[in-house]
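Contents: one structure, followed by commentary.
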Amino acid sequence: MSSAGEQREHVHPPLQLRRLDARAVLPRRMTALAAGLDIAACLPEGAPLELAVGARALVPTGWALAIAPGYEGQVRPRSGLALRHGLTVLNAPGTIDADYRGELRVLLVNLGTAPIRIEHGTRVAQLVVAPIATVEVVEVEQLPPNSKRGAGGFGSTGS
């Protein structure tokens, strides 16, 4: 059963979490079909984070994690915070590799017009665990024949 009380089929390896702080809030899906797990700030008692306009901060979560080989974690903004306050993940999506074992921290930036106060337990981002393709890198003299797009880049397919 998911935290939302609806049954989910688990066909992928579990995300393993180790609590680093007794007050850490367990990441969870807010609806049964949500792609991401909401991630909460784990801040010292009585010490909220004040994020000035244009400022950035590395926000602790109180969790270390192990992602299965063949998968990555993607730390993404929460759309409501981005819309209402301009609070977003600076390097979105932030990538967590399967061999990383340190604390999950979120790099936030305030792109809004007013300072933002982040309290302990505030859901600041979401974590999506997704499969990846590990490809072999091959240097070649020539690339395969031109595609219809060719070398056209930014804006080349229209607006």
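Cβ coordinates come from backbone N, Cα and C, glycine included.
Just so you know, TrEMBL annotations never went through curation; they're auto-generated.
These features come from TrEMBL:
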| type | residues | note |
| --- | --- | --- |
| BINDING | Arg78, Ser79, Gly80, Asn91, Thr95, Ile96, Asp97 | substrate binding site |
| DOMAIN | 24-158 | domain 'dUTPase-like' |
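Shown in sequence order, Ile67, Glu72 are the residues of the chain, 6+ apart in sequence, with a C-beta less than 8 angstroms from the C-beta of Asp97 (substrate binding site). DSSP classifies Ser79 (substrate binding site) as helix under the three-state reduction. Its own atom aside, the Cβ of Ser79 (substrate binding site) has 10 Cβ atoms within 10 angstroms in the protein chains shown. Secondary structure counts, DSSP: the domain 'dUTPase-like' (24-158) has 7 helix, 51 strand, 77 coil.
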